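Colleague: One structure is given below, represented as structure tokens, and several questions about it will come after.
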Amino acid sequence: MSEILLAAFIGILFLLYGIGVPAAYSLAMTVLVIMFLPIGPELNFIVVTQRFWSGMNSWVLLAVPFFLMAGRIMNITGITDDMFNFATELVGPVRGGLAQVNVVVSLIFSGMSGSAVADAAGIGSVEYEAMTTNGYEGEDAVGITGASSIIGPIIPPSIPIVVYAVLAQESIGTLFIAGVVPGLLMALAMAGTVFYLARKHDWPSSGSYDLSALFESFLKALPGLVAPLIIIGGILFGVFTATEAALVAVVYAILLGFFYYRSITLRDLYEVSKETFEDTASIVVIFGFANLYAYWLTLAGIPDLIGDIVTGLGASTVVTMLLLALVLLVLGTFMEGMAVLLIMVPMLVPLYPELGIDPIHFGIVMVVTLMYGLVTPPFGLILFVLERVTNESLDQVMRSMLPYYLPLLVVLLLIILFPELSLALPEAFGLL
């Protein structure tokens with residue numbers, strides 16, 4: 001019976017997705033349909049309503065709108081220009097300097113947006129224009145812009161990590177800290193690739209070092225640089241929880257916008273709040289359906305069925321994680337990362353003890369893999385974002401990403417093979 005229910009669930013889900021229903025709403029509609037099939041488990045509708053409400057009534061979910069709002073406020077303060085100028089003074093004078101600037105800005109910007117798509121759309125056009133006007137080919141500029149943008153959701157704050165934490169009922173703060181080293185490894189891999197390509201293709205540098213200009217740009221960018229440090233430091237030293245950190249980030253962004261940059265108005269704040277509330281409303285409802293989905297999965301015995309299939313393979317924990325990462329990469333290529341998390345996390349979490357998988361470690365593996373899906377042809381979302389903001393053809397965007405796939409996959413393999421890369425920092429600070 002579980003096999004039939006699983007087949008029906010997958011069939012309905014992909015039918016809806018195939019006719020153009022957004023993936024998250026396809027999941028919600030599939031849950032509603034599948035729950036009323038006569039072959040399914042008998043449901044207690046009092047429990048159904050309680051499950052739906054409890055999926056939305058979550059304290060930790062408050063982190064999502066607050067981080068979204070903080071990122072949007074930061075975007076309109078003018079801080080992006082200061083970040084870019086500081087990164088240009090810091091690494092611009094080396095060969096391929098503006099490509100390295102791209103990596104550094106994405107690394108810094110990750111501490112504000114928490115979203116790969118926001119990174120690609122928000123500063124992608126700025127980075128692309130700066131590179132092309134300074135002697136870089138458009139294809140070279142768009143490649144590093146896309147590759148570096150996926151660093152954002154790994155280093156805190158991270159919306160995908162918050163979503164995983166809520167679904168898996170794990171600590172957001174622990175997962176945030178677990179993502180720091182993998183995120184830095186990804187940035188290092190991108191910088192190393194740029195170093196190689198810059199010498200191979202004789203990419204230009206942007207002037208020479210000027211220590212006074214570097215110091216001046218650092219002072220201007222300092223308020224923005226402090227933002228991720230406040231979030232990470234506050235969580236590490238127990239000053240506030242991850243949810244409280246999100247609220248602190250909003251207050252800090254508002255203070256910067258009104259009193260330091262003096263670049264936002266009450267009207268701007270109203271528009272940002274309106275956009276955030278609209279996004280949050282849909283996200284919260286989807287989480288209600290996700291909780292219903294997890295309830296139905298348990299009643300239908302789907303996790304047990306998948307567990308029997310996986311354990312029947314007789315594979316080790318590492319091989320199992322590699323296979324799951326491959327599945328996630330394929331799904332992440334065709335579907336939004338949040339939708340994949342909503343579908344897969346409730347299926348996989350009950351299997352962690354049986355498969356010997358650490359939920360914190362695999363949470364980072366899952367988010368990293370889904371971010372790779374965003375830049376994987378033919379349907380990676382960031383590929384289309386870059387096509388729009390740079391006016392390069394989709395073929396050129398896809399071709400431009402080729403040099404970066406191997407280094408990114410090597411980093412993913414390292415994260416899977418060496419759990420310490422994710423777990424050492426949380427353990428050192430007593431979070432595990």
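Cβ coordinates are placed from backbone N, Cα and C, and glycine is handled just like the others.
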Colleague: Among 52-70, 318-336, 337-355, where does TrEMBL put the label transmembrane segment?
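Modeller: Within the set 52-70, 318-336, 337-355, TrEMBL attaches transmembrane segment to 52-70.
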Colleague: Pick from 8-28, 29-49, 218-238: which stretch is listed in TrEMBL under transmembrane segment?
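Modeller: That would be 218-238, the stretch labelled transmembrane segment in TrEMBL.
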Colleague: Against which stretches of its own chain does the transmembrane segment (175-198) lie, if we need a Cβ under 8 Å and a gap of at least six residues from its ends?
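Modeller: Tertiary neighbours of the transmembrane segment (175-198) are 94-96, 99-100, 102-104, 106-107, 110, 140, 144, 147-148, 150-151, 154-158, 161, 164-165, 231-232, 235-236, 242, 360-361, 363-364, 367-368, 403-404, 407-408, 410-411, 414-415, 421-426, 429, 431.
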Colleague: Looking only at residues six or more beyond either end of the transmembrane segment (218-238), which have a C-beta under 8 A from one in the stretch?
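Modeller: For the transmembrane segment (218-238), the nonlocal Cβ contacts are 70, 74, 79, 82-83, 85-86, 89, 108, 110-112, 155-157, 173, 176-177, 180, 244-245, 248-249, 252-253, 256, 260, 429.
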Colleague: Within the same chain, where does the transmembrane segment (245-261) have neighbours whose Cβ lies under 8 angstroms from its own Cβ atoms, ignoring anything closer than 6 residues to its ends? I mean 6 or more beyond.
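Modeller: Same-chain contacts beyond the ends: 62-64, 66-67, 69-70, 73-74, 76-79, 112, 157, 173, 223-224, 227, 230-231, 234-235, 268-269.
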